Ligand SMILES: Cc1cc2nc3c(=O)[nH]c(=O)nc-3n(C[C@H](O)[C@H](O)[C@H](O)COP(=O)(O)OP(=O)(O)OC[C@H]3O[C@@H](n4cnc5c(N)ncnc54)[C@H](O)[C@@H]3O)c2cc1C
């Protein structure tokens with residue numbers, strides 16, 4: 001919940017929904033006489049609202065990024081709100097079924113397909129949600145399958161919305177509640193369809209041509225130049241990228257720019273990790289590269305801030321820092337920066353030479369290489385004397401998830417507040 005800005009707005013929307021639901025009742029005793037049924041109704045309305053908000057948040061619209069301070073925060077909110085909606089919606093038929101005991105035919109109606117079309121919409125939505133969820137939790141799916149399964153949850157949400165609008169319940173009789181929920185279901189459904197069909201076809205897609213490929217160990221540098229329009233990004237940002245190469249298919253993956261915005265060639269530095277990235281070396285000079293974006297706010301504190309910075313970099317998490325280092329090199333004369341570049345083995349410090357070259361003549365940036373097989377695991381206690389030189393500083397971290405979580409805790413116990421620690425998470429899902 002740490003980054004969940006906009007949570008007040010969610011509470012406000014929840015209150016409106018519940019208030020409309022209460023107003024839909026003739027008397028308050030309608031609620032108290034059948035408590036399980038009432039809780040079930042309230043859960044279903046709020047669950048549906050959250051499901052729609054979660055779908056709306058998945059659209060990567062810049063407004064939400066601005067509001068929450070980065071796409072990773074938006075996705076975090078999307079996951080939290082989506083999970084709460086799942087729990088609430090699951091309880092809806094269960095509570096109704098419990099309330100209906102001992103009337104077996106009614107219990108069956110809430111949980112199994114029947115001749116009633118409106119109920120069936122809800123039952124089918126329920127099954128899709130349960131199976132998608134189990135599939136995602138039980139199996140460690142490769143991303144493309146995970147994504148398809150995840151999309152099924154959105155589809156279930158739309159079916160759930162259709163169910164809510166078609167049953168003879170409070171939504172059917174009280175028009176303010178009906179229009180309120182219709183509005184959310186409509187926008188949620190439009191968001192789902194937009195992401196499913198139009199996101200990759202509409203809007204700004206930047207087309208580049210690959211100019212060269214360079215491989216160093218398990219990292220591949222892909223260089224490219226624009227065919228027509230240049231993408232206008234800030235250092236530390238990322239884009240969703242796909243290639244025309246048949247070996248890679250049309251999947252889009254997020255990668256941070258590792259070149260500076262003013263560099264003559266655009267560069268992504270990609271670590272071969274899973275089924276998609278191991279195929280990156282198949283890319284050839286002349287292939288097309290497509291980008292959606294740019295996204296992210298990671299570099300803002302460097303570009304716009306004034307405080308000294310502590311950069312903690314783990315492995316391939318170096319890419320946004322390379323972009324920052326390459327951006328308006330005169331900035332490096334003005335900012336005090338302590339950069340800790342961490343890698344497991346000496347060879348793993350693939351960008352050491354490049355970083356040293358970029359920072360060689362800059363007095364205000366100090367680069368510390370941290371090879372963990374030589375110095376042990378990087379921790380804040382080992383750099384405390386350096387940090388004590390600065391009365392106030394911001395910290396930017398990009399690296400493996402467990403490393404970032406651990407460093408965040410170590411910094412927080414030393415009194416570094418949340419808003420001074422800026423992350424770039426390489427896992428949005
Ligand atoms: C903001 C951001 C910036 C990134 N920058 C870089 C970079 O500069 N260099 C680099 O090497 N890697 C970067 N990554 C990570 C990179 O996107 C993943 O390593 C890559 O997508 C893994 O795909 P895979 O199929 O090879 O591996 P898999 O094993 O299938 O995936 C590993 C993990 O990567 C994530 N992932 C996979 N595919 C996607 C996708 N299409 N969209 C979102 N997440 C996905 C999932 O969390 C998955 O569990 C970045 C990620 C993010 C979110």
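Positions of Cβ are set from backbone N, Cα and C atoms, glycine also.
The transmembrane segment annotation in TrEMBL covers 39-59, 80-101, 121-141, 153-175, 181-202. Per TrEMBL, domain 'FAD-binding FR-type' is recorded for 203-301.
Beyond the transmembrane segment (181-202), the same-chain residues lying 6 or more positions past its ends with a Cβ under 8 Å from any Cβ of the stretch are 17, 45, 48-49, 51-53, 55-56, 58-60, 151, 154-155, 157-158, 161-162, 164-165, 171, 250, 252, 292. Across the domain 'FAD-binding FR-type' (203-301), the model assigns an average pLDDT of 93. Remark: secondary structure over the domain 'FAD-binding FR-type' (203-301) totals 11 helix, 44 strand, 44 coil, with classes taken from DSSP. Under 8 Å from some Cβ of the transmembrane segment (39-59) lie the Cβ atoms of residues 10, 13-14, 17-18, 21, 74-75, 77-78, 81-82, 84-89, 91-96, 99, 154, 157, 160-161, 164, 169-171, 177, 181, 184-185, 187-189, 191-192, 194-195, 199, all in the same chain and six or more residues away from its ends. Counting same-chain residues at least six beyond the ends of the transmembrane segment (80-101), those with a Cβ under 8 angstroms from any Cβ of the stretch are 1, 4, 10, 34, 36-37, 39-41, 43-44, 46-51, 53-54, 57, 107, 109-111, 122-123, 125-126, 129-130, 133, 153, 157, 160.
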